[in-house]
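Here is the structure we will look at.
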Amino acid sequence: MMKFLLTFVLLALASCHAFASDPSPLQDFCVAANDPNSAVFVNGKFCKDPKLVIADDFSFTKFRYPGSTSNPLASKVTTAFVDQFPGLNTLGIATARLDFAPYGLNPPHIHPRGTEMLLVVEGTLHVGFVTSNQLNNTLFTKVLTKGDVFVFPQGLIHFQLNIGQTNALAFAFLSSQNPGLITIANTVFGSKPAINVDVLTKAFQVDNKLINYLQAQNWFENH
């Protein structure tokens with residue numbers, strides 16, 4: 001019985017590890033296709049017929065120019081996830097360009113399906129993430145300058161703030177073709193339909209007038 005239980009636990013742990021990221025591809029590539037009539041369904045997207053795949057399917061050119069930071073957050077994130085870059089389908093990776101005006105913010109958010117690694121190309125960023133309740137919601141922060149790299153574990157709340165007086169540029173690399181995005185403020189206070197005021201009043205332990213005010217805001221999305 002003990003041997004059986006030990007074997008079961010080891011298999012369970014191995015299974016959890018195996019499914020912790022995108023499934024491994026079973027072919028060289030699978031360029032996402034919008035036409036299901038001439039495609040095969042793999043890893044969440046239809047695959048383009050390999051005979052019709054061209055070099056442009058593996059190229060993404062929207063990082064050539066800065067994103068507009070003329071918005072309330074003074075930042076812009078240009079994503080190259082599978083929806084924007086079909087060649088990533090089944091490959092388990094994605095990337096993004098982050099542009100910041102002075103004191104621009106990429107607000108607290110979560111990528112539920114991917115770990116993020118950030119590389120600073122220009123400027124100075126104050127970055128950080130918060131651990132889960134199990135680890136007492138510990139905050140880890142660091143000031144990054146040109147050439148520095150920081151990693152944000154999968155599923156944890158994190159942020160980036162430009163603390164310099166000049167523009168900043170960074171690139172993010174994620175361990176999923178579709179890491180997902182949950183912006184905390186937008187999700188909690190801007191959901192449709194709105195979350196019951198009593199729920200948020202008790203959760204944040206504030207007056208319901210403040211919750212009503214926050215829910216009335218037009219929460220900007222910089223992605």
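Every residue gets a Cβ built from N, Cα and C, even glycine.
TrEMBL does not curate its annotations; it predicts them automatically.
Feature annotations, courtesy of TrEMBL:
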BINDING   N106, H111, E116  oxalate binding site
BINDING   H109, H111, E116, H158  Mn(2+) binding site
DISULFID  C30-C47  disulfide bond
DOMAIN    61-212  domain 'Cupin type-1'
SIGNAL    1-20  signal peptide
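Annotation for H109 (Mn(2+) binding site): same-chain Cβ neighbours under 8 Å, separated by at least 6 residues, are I157, H158, F159, L181, I182, T183, I184. The CA atom of N106 (oxalate binding site) is located 32 Å away from the CA atom of C30 (disulfide bond). Counted within 10 Å of its Cβ, the other Cβ atoms near H158 (Mn(2+) binding site) come to 22, all protein chains included. Neighbours of N106 (oxalate binding site), defined as other CB atoms within 10 A of its CB across all chains, total 27.
For the disulfide-bonded residues shown (C30, C47), fewest C-beta neighbours within 10 angstroms: C47.
Cβ contacts within 10 Å of E116 (oxalate binding site), excluding its own Cβ and spanning all protein chains shown: 24. Distance from the CA of E116 (oxalate binding site) to the CA of C47 (disulfide bond) is 26 Å. The local packing around H111 (oxalate binding site), expressed as other Cβ atoms within 10 Å of its Cβ over all shown chains, amounts to 23.
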